[in-house]
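Have a look at the structure below, then the notes.
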Amino acid sequence: MLVLAVYRYTRLPLIVISVTGNAFVPIIMIRYPTLRKSSTNMLIAQLSFAEFLNSLGTLVPMIYANVVGSREANLHLCLVLAIPMLMSLYVIQTTILFVAIDRLLCLIRPLVYHRMNTDFKLSVVRAAVCLLCALIGTAAQFIAPKAHSTFKNCSLGTLLIMVGVYYWFRHQAKTVVNNAVLATTTLILIAYVILWSTPISVFLCDAIFKASSGETNGRWSPLFAMRPLRLFKRILRSKRVPGRQQLITTKLK
């Protein structure tokens, strides 16, 4: 399949980029102890470290296939090769859940969040829960497997399908949001031009031409025949408008 072929040729550069990028966050956290005082920073470092291990775990099946020269493996071997990747995926999932809870707590209970954010024990508890979920989830994969079944390529075909579906829905949601923003912006601009920009421009031109020609009948613009705009013009011509008299009496050179 074309998708699998593209994946095989692009996954190695992506793995290198992921390993390099995710390695920087734990290194910075180790380098600067002040950053470790925040449990939110520890969550980010934990997520980066899990993604770092996941990227390294992706290399294990590739290395095995190149060393053995075969892309076929039974279920037990496939699961053993996928242990680093499975554990890191479970850690990533639970860490993202804790990040969502952390952000929600920051919004609805800011004082409680500020008090808990400096508690290092909370970071340890979160990491322990994530590790426990990873161990349970990975061990569950070995319950009653079909020992003699084989998997060709030991690949991430199912994951690729799910990633494709996820990004498709994300693109659709983004398109809907962009369309809504575009429609709202367009309506605002139209309302500005019709209700504010055009009446102001016509009124100013009318005032300037009357001031330069000495006209006082106020019938220069046909647009002011409309009642709403006549009311708008009457308001603008009110003596309470600053600079109105100077604008009308000033002669253009």
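Cβ atoms are placed via backbone N, Cα and C, with glycine included.
Curation plays no part in TrEMBL annotations; they are all automatic predictions.
Taken from TrEMBL, the feature domain 'G-protein coupled receptors family 1 profile' covers 21-253.
Per TrEMBL, transmembrane segment is recorded for 12-30 (among others).
Annotated transmembrane segment per TrEMBL: 42-67 (among others), in sequence order.
TrEMBL lists 73-101 (among others) with the feature transmembrane segment.
What TrEMBL records for 122-144 (among others) is transmembrane segment.
Look at TrEMBL and you will find 150-169 (among others) tagged as transmembrane segment.
Here TrEMBL flags 176-196 (among others) as transmembrane segment.
The average pLDDT for the domain 'G-protein coupled receptors family 1 profile' (21-253) in the predicted structure is 70. Remote same-chain partners of the transmembrane segment (12-30), defined as residues 6 or more beyond its termini with a Cβ less than 8 Å from a stretch Cβ, comprise 36, 41-42, 44-45, 48-49, 51-52, 54-56, 58-59, 62.
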